[in-house]
Amino acid sequence: MKRFFKPIEKEGSAKKPSLSPSKNGAENGDALPEVDVKKEPLKFLTWNANSLLLRVKSNWPEFSNFVSNLDPDVIAIQEVRMPAAGSKGAPKKPGELKDDTSPSREEKQILMRALSSPPFGNYHVWWALADTKYAGTALLVKKCLRPLKVSFSLDGTVSKHEPDGRVILAEFETLRILNTYAPNNGWKDEENSFQRRRKWDKRLLEFVVQSSDKPLIWCGDLNVSHEDIDVSHPEFFSAAKMNGYVPPNKEVINFFFFFSLRVKFDMNHL
C-alpha cells in the first residue's frame, strides 16, 4: 500500500491545518495529547484478534514484535470482544471499556497495560464496542498523526455507534480509513441474518459511493469467502453446501472483488 500511495495536496495550497488539539483534534470528544503532526498515514495493518484480551494473554510478545518491525501508522482491529461501559440495565457507552465490576476492571487493566507498553504507547486508541463480549472494533493511530474526525457509524455521526461496534471511520485531510467487522450471512435463506447482511451491504455500498471525494482505505474482517482457503474449515463448508445449505457470504463476493480491484486501481493512479 505504501508504494502506491502519494498524499494529495489541495490545488493552490500546501498549507497544513493548525495543530491545536482544541480546534483541529478528532471530533469525538477525546482530547488528544500535544504532539507534532508529521504526515498523513501511509502504512496500515488490519487484524481480526478474535478476542483482544485473549491475544494479550497468549500472543502479545509476538504481536508486539510484529508491530515494532512493521511500524504501521494505523492498526485496525476487529472482534475485540470487550464489553462497553455501563452497568446492567443502564445505557451503554460503546466508546469506553466496561469497568464497573471487579472482573471487568481487572480485564480492562490487563488490556490497557498492554496497550501502554511499547510500541503501542505511541498510538491513540478509539473503541467501538458491543454491550457484551461480542464483535467490536478498535482503531489505533500514531499520536504524531491527527485525524480531522473520528466517527462510529456509516452515516458519519460522531456520537452514534453502529450496533455491536462494527464501524470506526477516521477522516484525514487526504483520505479516509474505514475499519469494519461485517456481520456474516448465517446459514439458511429464511434466517434473519441473511436480511441483516443484505441491509449492511446496501448501506456500505451507499457509503462508498458517497465517499468518492477522497481515497478510502477500507480495512477489516469483511466476512466473505472467495475460495476454500478463505474459510477455516473448507471440508465442513463444502459438505454443508452439498446438504442444501446456502454457502455463507458467497453472493456478495462479486461486489467486494470489484471494489477491491477499484481501490487498487485508484491507489496506483494517485
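A Cβ is built for glycine as well, from the same backbone N, Cα and C atoms used for every other residue.
What you see is a predicted model, and the numbers here were worked out from it, not measured in a lab.
Database features (TrEMBL):
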- ASN48, GLU79, ASP221, ASN223: Mg(2+) binding site (BINDING)
- 1-14: compositional bias 'Basic and acidic residues' (COMPBIAS)
- 93-106: compositional bias 'Basic and acidic residues' (COMPBIAS)
- 45-236: domain 'Endonuclease/exonuclease/phosphatase' (DOMAIN)
- 1-33: region 'Disordered' (REGION)
- 85-106: region 'Disordered' (REGION)
- ASN223: site 'Transition state stabilizer' (SITE)
Beyond the flanks of the region 'Disordered' (85-106) by at least 6 residues, Cβ under 8 Å: 28-29, 112, 126-131, 152, 161, 165
Check: same-chain CB within 8 A of Mg(2+) site center, minus ASN48, GLU79, ASP221, ASN223: ASN50, GLN78, TYR181, ALA182, GLY220, LEU222
Model confidence for the domain 'Endonuclease/exonuclease/phosphatase' (45-236), as mean pLDDT, reads 92
